[in-house]
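Inspection log for the structure reproduced underneath, given as structure tokens.
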Ligand code: NAP
């Protein structure tokens, strides 16, 4: 009598719905379109995922790095995963499961280990590692199940009152509770109430606009830059649940916070490190944090050059315009790209990068330089094109430099 065929085991890739902040990074990164989402969860299609790991390093929370051994024929479907509120328990496998031992070893392999670096051709244009000298970030100290309560100690508008862009600077204080952060990290805000399906709202992610030692140096507080969302990407009227909640907060209100998140978009920590910062609108939040960190180090550390490219519709819609313009010119080289300033030609950040080619090239070829790009998704291609042109003009090979920038954690993108 023939022996029954052994059952095939799959090391199934899953996303932890309790930690995921629905930032869409994994879906954008996946080179084979195995990741999708509905209004509840981000999920991985077991029929498509090839375990390439490209999505793992960019995930700011680590929720992406979950695996279960399952009998292949019983893999959790996309529909199963859409309905989850938490990951299922491990199931025991049949004794005759083929490859179970090998797969188990892979799943058990040091869960705290750094995520594997995916093949270069599969990843986004930015680095999957932080700059070598970045300080150690803490992540996921507070989760959906264990959020921390912060108190609003400031909330004011940082754009002209007569403009469409209602952008707020919001300061949250954590009192005696530990909440260690670094510039470039983000937090999640849990808006109160429930969605159309009656489920609690998911967390929304915001970058810190303040440096590691607080919005006010020495205080256990941080700031966010939040634009009130009144339209969707297509220009149709839409009410942003979390942005409106945040912009309407009053002093002494409390907010549920999770995080911190992010382990790569971090600033270098060594002397003479240069920063090229390229942003649009509220994407200026991490640039403000890094600039303020550097400013506070003046006189105590050997800081390098800071070059900022900042895009906004008009001067009055550019958050923090007043304080920014007061910074000394020998501390930061500021380049404003205004796209709708009456009487002026439309300019984008990439136009200014081209105009300042000699200075940008000089910094790019210095191994102490790190580049940060944050803001609208659409700027990514334009900025990369401009950087490439700047390098190619001087007879250098962009692909070699680009690869080095990524490998050395010197080129970072955070775009939405
Ligand atoms: P916005 O006002 O819509 O746009 C800012 C500027 O970027 C405008 O001058 C705009 O020009 C220009 N722009 C449009 N397309 C561009 C392109 N392809 N290349 C270069 N510049 C372009 O910006 P916003 O509403 O503040 O949005 C900023 C983005 O940052 C949002 O997507 C937000 O999610 C993201 N973000 C926010 C945070 C945070 O913590 N708050 C953190 C990270 C990222 P036009 O005149 O052509 O529109």
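Cβ atoms are placed via backbone N, Cα and C, with glycine included.
These features come from TrEMBL:
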type: DOMAIN; residues: 11-40; note: domain '4Fe-4S ferredoxin-type'
type: DOMAIN; residues: 42-69; note: domain '4Fe-4S ferredoxin-type'
type: REGION; residues: 98-118; note: region 'Disordered'
type: COMPBIAS; residues: 98-115; note: compositional bias 'Low complexity'
type: DOMAIN; residues: 145-267; note: domain 'FAD-binding FR-type'
type: BINDING; residues: 207, 227, 282, 339, 340, 346, 375, 376, 414; note: NADP(+) binding site
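Structure with TrEMBL features highlighted.
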| residue | record | DSSP class |
| --- | --- | --- |
| 207 | NADP(+) binding site | strand |
| 282 | NADP(+) binding site | helix |
| 340 | NADP(+) binding site | coil |
| 375 | NADP(+) binding site | strand |
| 414 | NADP(+) binding site | strand |
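In the domain '4Fe-4S ferredoxin-type' (42-69), helix, strand and coil residues by DSSP number 0 helix, 7 strand, 21 coil.
Less than 8 angstroms from the CB of residue 207 (NADP(+) binding site) sit 184, 185, 186, 224, 225, 283, 285, 286, 289, 374, 414, each of them six or more residues away in the same chain. In the domain '4Fe-4S ferredoxin-type' (11-40), helix, strand and coil residues by DSSP number 5 helix, 7 strand, 18 coil. Close to residue 340 (NADP(+) binding site) in the fold, though at least 6 residues off in sequence, lie 313, 314, 346, each with a CB less than 8 Å from its CB. Remark: residue 375 (NADP(+) binding site) has 278, 279, 280, 281, 282, 283, 284, 311, 415, 416 as non-local neighbours, by Cβ distance under 8 Å and separation of at least 6 in sequence.
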